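Reviewing the structure listed below.
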Amino acid sequence: MVSDNSGNLYIVAAPSGGGKTSLVKKLIEMVGEIEVSVSHTTRPMRPGEKEGVDYFFIDEKQFISMVNEGAFIEHAKVFNHWYGTSVAQINKRLQFGIDVVLDIDWQGAEQIRHAYPDAVSVFIIPPSLDALKERLMNRRQDKDHVISERMTKAQDELGHYPEFDYLIVNDDFEKAAMELQSIVIANRLRIEKQVNKQAKLLSFLLSSQ
């Protein structure tokens, strides 16, 4: 769908509480020319979140209207709330050579891979289920029954890891962030990307023989 001069598309997925959002934010700090695609959602805004930065917060009527208009490249209902990724947002950035990261769940990842076969997908897993539960509890965002639901769903989500290109264990946050950064840097150096980016240099070097 995009040329070799365009940006790269990355999918980062994980079970709820797996740390994907924190890792993606760290990745943006570490790497230039890369942005997070801001999704639309019908869930309530959480403390500390900002409109248009973390999500575009809309009601269900607006969301369904956007679905019917074909505004989303992927959308899914997760824990009774809708999430969707804007086609226009992704394509605009890719066309300008900006890498785009999608912070989504495995359902969204599956839809994205169909639309963008060259997308690079990364699955983040916790070091243990106990660690995952502890992280969910430490967030202080959900009631006990919601945490139980998330833990049950997490075991199903973890079973989808073979569908992804890369697997990162988020045990040591800094190490996991560096591994995610390494994937992005290595992908940028692929021959099909470099052959256009370094066309002038390659031409000069070869003509000097």
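Along the chain as shown, residues are numbered 1 onward.
Note: Cβ is positioned from N, Cα and C throughout, glycine not excepted.
Among the features that Swiss-Prot reports, domain 'Guanylate kinase-like' is placed at 7-185, with the record citing sequence analysis. Residues or ranges marked as ATP binding site by Swiss-Prot on the basis of sequence analysis: ALA14, PRO15, SER16, GLY17, GLY18, GLY19, LYS20, THR21.
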Give the three-state DSSP assignment (helix, strand or coil) for SER16 (ATP binding site). coil
Restricting to the chain of ALA14 (ATP binding site) and a gap of 6 or more, list residues whose Cβ falls under 8 Å of its Cβ, or answer none. LYS20, PHE123, ILE124, ILE125, GLU157, ASN170
Same-chain, non-site residues whose Cβ lies within 8 A of the ALA14, PRO15, SER16, GLY17, GLY18, GLY19, LYS20, THR21 Cβ center for ATP are ILE124, PRO126, LEU132, ARG135, ASN170
Cβ contacts within 10 Å for THR21 (ATP binding site), all chains included, total 15
Using Cβ atoms only, which residues of the same chain lie under 8 Å from SER16 (ATP binding site) while being at least 6 residues apart in sequence? PHE79, LEU136, ARG150, LYS153, ALA154
